[in-house]
Amino acid sequence: MNKSVDLFIIGAGVAGGAVAKVARRAGWSVAMAEVDGLGGTCPLRGCEPKKVLWQAAETIWRAAGARKNGLIDTQPRIDWPALMRFKRSFTEPVDASVDQSLHDLGVDVVRGQAEFLAEDRLTVGDREFQASHIFIGTGATPMRLPFEGAQLVTTSDGFLELDELPGSIVFIGGGYISFEFAHIAARCGVFCKIIQRGERALKLFDRDMAELVVAATRDLGVEVVIGEEVTDVQREGDRLRVHVGPERRRLCDCEMVVHGAGRAPNLDGLNLDRAGVERAKRGVRVDAHFRSVSNPRVWSAGDCADTPFQLTPVADMEAWTAAQNMVHGKEITVDYSAVPSVTFTLPPLASVGLTEEQARKKGLEMDVFSGDMSGWSSSRRVGVGRAGYKLLVDKSTDRILGAHLFGHKAEEVINALALAMGHGLTARQLKTFPLAYPTGIYELRYML
């Protein structure tokens, strides 16, 4: 069956959905292919189900703080099977809900793997499509692990579907995925170890804040191993054996190994070469307007495009921008200077803008405001043992260049800082504006 459409979208996640809305409201005919569940990574097997698990772990964390302060005399525990049932009450309705929304929008949804046949033609199963425009929004997938025994390693998707927790887990990679999952699992009584190949963990974050997170993670009882590369994983009975280094030195045995070593653009199987679509390591090569540099019919945004961030809100922003440019002929670009991100450890690590290292490489004249928040009342109330902040302020304009927080409510405070940066507010304006007290955002005036 052949069909011609104005727009064919590959991927029914946040990016694909955003583009579909703009195109349909403009009267375009739209078809969309999805090989996995509708809705994408975030609501199905990413940030949203993770946040459900994190919220339960936060309850344990808060209880531990209350017990430390002598306020309660018992420590609750997480019923993992019950938590997973609760988590699935969020994830299981997503596919049907998105399917209905797309149907109401007038999108022709096709289940299956899309493959290019030519620069303007695709096939999905036994259906063939000719499209005037094509949008690729396939997101990212766990990076391939280059060692023997990689098939024994559980992905982040698998971790989020565990019916029972093992007694011990080794996390490969010292990025946000490993730290978030370790903070959840450890508070469920699991022995956890994180193995980071490079010289530092959480390398995309401010160095000082990352070191605070590592210290707090070790306080929790999680072993954080720096500077070791996993060379193979072997099954030994009902356990897994992890070897590191060129000499294949045995590091430990455990019940489960989890992949937290990063994600790569999910482009395999699309046959991009047939359409003349160039790709880089980080994804489809696009110009500033999210159009393919090699095939003008093709557009891409989100985690599968060669753009700076793998974040759901950024994918949404990029996709909306791409759609405006594609459908309405605009030439809008995206400003990435004030994009906040959060690693949901306990407490959370949050960041926006430049790190101190990045700012110094740019030669910027700045004031650096940093300090320890563990003695602040907001930390003491919940029993936080380690907390800190660092704000970078431009000396000439008094505007914030970057902000980095590790502490209670950091995930909320960082949004206020991102908003301030995005609208050009000065440090003095933030420091003197009357805010509700006592709140996390009010404490900004103590940081400046």
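Residue 1 is the first one shown; counting continues down the chain.
For all residues, glycine too, the Cβ spot is worked out from N, Cα and C.
Note that TrEMBL annotation is computational and uncurated.
Per TrEMBL, these features apply:
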type: DOMAIN; residues: 6-319; note: domain 'FAD/NAD(P)-binding'
type: DISULFID; residues: Cys42-Cys47; note: disulfide bond
type: BINDING; residues: Lys51, Asp303; note: FAD binding site
type: BINDING; residues: Gly173, Gly174, Gly175, Tyr176, Ile177, Ser178, Phe179, Glu180, Gly262; note: NAD(+) binding site
type: DOMAIN; residues: 339-439; note: domain 'Pyridine nucleotide-disulphide oxidoreductase dimerisation'
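Neighbouring residues of the recorded NAD(+) site, listed in sequence order and excluding Gly173, Gly174, Gly175, Tyr176, Ile177, Ser178, Phe179, Glu180, Gly262, comprise Phe171, Phe181, Ile194, Ala201, Leu202, Gly260, Ala261, Thr343 (Cβ within 8 Å of the Cβ centroid). When the alpha carbons of Asp303 (FAD binding site) and Gly173 (NAD(+) binding site) are compared, the span between them is 19 angstrom. A C-beta separation below 8 Å, combined with a sequence spacing of at least six in one chain, links Gly175 (NAD(+) binding site) to Ala201, Leu202, Lys203, Leu204, Gly260, Ala261, Gly262.
Within 10 Å of its Cβ, the residue among the recorded positions Cys42, Cys47, Ile177 with the fewest other Cβ atoms is Cys47. There are 23 other CB atoms within 10 A of the CB of Gly173 (NAD(+) binding site), with all protein chains counted. For the domain 'FAD/NAD(P)-binding' (6-319), the predicted model reports an average pLDDT of 97. With respect to Cys42 (disulfide bond), the closest of these binding-site residues in Cα terms is Lys51, chosen from Lys51, Gly173, Ile177, Phe179. Secondary structure of the domain 'Pyridine nucleotide-disulphide oxidoreductase dimerisation' (339-439) per DSSP, as helix, strand and coil residue counts: 31 helix, 32 strand, 38 coil. According to DSSP, Gly175 (NAD(+) binding site) is assigned to coil rather than to any helix or strand. For Phe179 (NAD(+) binding site), other Cβ atoms within 10 Å of its Cβ number 29. When the Cα atoms are compared, Lys51 (FAD binding site) and Gly173 (NAD(+) binding site) turn out to be 20 Å apart.
According to DSSP, Gly262 (NAD(+) binding site) is assigned to coil rather than to any helix or strand.
Here the CA atom of Ile177 (NAD(+) binding site) lies 10 Å from the CA atom of Cys47 (disulfide bond).
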